[in-house]
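Enquirer: Below is one structure. I have some questions about it.
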């Protein structure tokens, strides 16, 4: 009885905790909705920018500009102008490579076929057609055939090469537009500068792997010097978060991760980069302890040798963690001096919380830190800043499933939401408590949400988003929550239907037989007696004959046990030894003495 009362007390405390969490989440939802309206009215809301119209590139403005020797019965490629001259209706028609979407060449017997798909204005879209295109007809596909099997091979190869170069130029142009210029590094004397030796650096976009070297802290930034003499500079003013993660559990990797305000050039001085410009918004310095261990022999090792190797690796990990901590301590002292001198590029080191970690899909581990959520052991590295998150959504939250999805929606609506799939259900309460303590609003959904469709519908223009917030109730209304009007009193407690979704969710965490109210021991005893009586009547009604046979078998078993105990007692008396019946005879004998 006491055990059941304790269990009901625990359930009651959990329900009270959920109720408080619901109330706080409701308040956070109202604050978030009002904040979104204020940002929209002030023009601070970052909406998805509309797609810029494609610029029409022309190669020639008149027939006189055509290259010499142009024929009206053959396809010609002009490498200088990146243009293809197609014979149409007995005259050459120029088409720039930017207006070609795809090209293919096939050979069937002695006949070679060239198919070219052209870029034409799309119909039935929100983007209106250009005024100069209204009333015109367009050619979508061109097909040419030749008796020469190799006639179109070079043409296809040339067009594909042009398109690849154009795509790379556009990508580099966009990267250059957002790359942060770091400036020059102010060096310390090499002898006095803090150093972190025997580490590796990971830069996204590098194809030659990670390089070994050492990290040196200078006056206004870090410099990584590889064993080959190549260098990479990282200034303090570009660092947003510096995250130190020691090796936990079975991990053998000590990490110092830098998350930047924006992408920087990831080219190391002394190396050459081919293709597009590599950029990086995350730079990781790490020490892999297992790579420092001795090479295992091909022969089998004994248990003692394996234990010695394990102890050696644990010691090496502790040593590497100590080196990282000492380096960070010296850098923090230097940053404190810079703050006293009035420098504004100071940043803080932070460490993730292991006890709040949770698993995602493919065994990826996520750990929350003071200012962000990180996953640094597997590629690609993930850093989700809390300041950039608008709200969180628990998707596929159905009790019969063993996992759910966790989606982070950012304040910058043009940024695609980040989703963590297949989070085990055992982390649900932990995550909800964590978000509630950090005052991060979260919603729940029993199905997966099509965020691409929502973005396409709501963020196509400012009017659609304004109507979504002001008339439709915004995000709280989308997830089934009620939005308070301005005329409603703030002191008034929310109605029960406001928490209907959360109450239904909370009720699934407890058994249906459990009650939310306290029950004393007398009531519990009466309830148990009634249940026993009801169970007995139900068994008697099911099969009376089977019950009689069971009772006879029980009576015969009791008689057999009684005879056996009498025989044991007589033999014990003959031998002059006390009869052992669970210690009962011995206790009686000591009592009479």
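Cβ atoms are placed via backbone N, Cα and C, with glycine included.
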Enquirer: Pick from 1-25, 26-50: which stretch is listed in TrEMBL under region 'Disordered'?
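Expert: That would be 1-25, the stretch labelled region 'Disordered' in TrEMBL.
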Enquirer: Which whole-number mean pLDDT does the model give the domain 'FACT complex subunit SPT16 middle' (75-224)?
Expert: 81
Enquirer: Pull the DSSP breakdown for the compositional bias 'Basic and acidic residues' (10-24) and write it out as helix, strand, coil residue counts.
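Expert: Split by secondary structure, the compositional bias 'Basic and acidic residues' (10-24) comes out as 15 helix, 0 strand, 0 coil.
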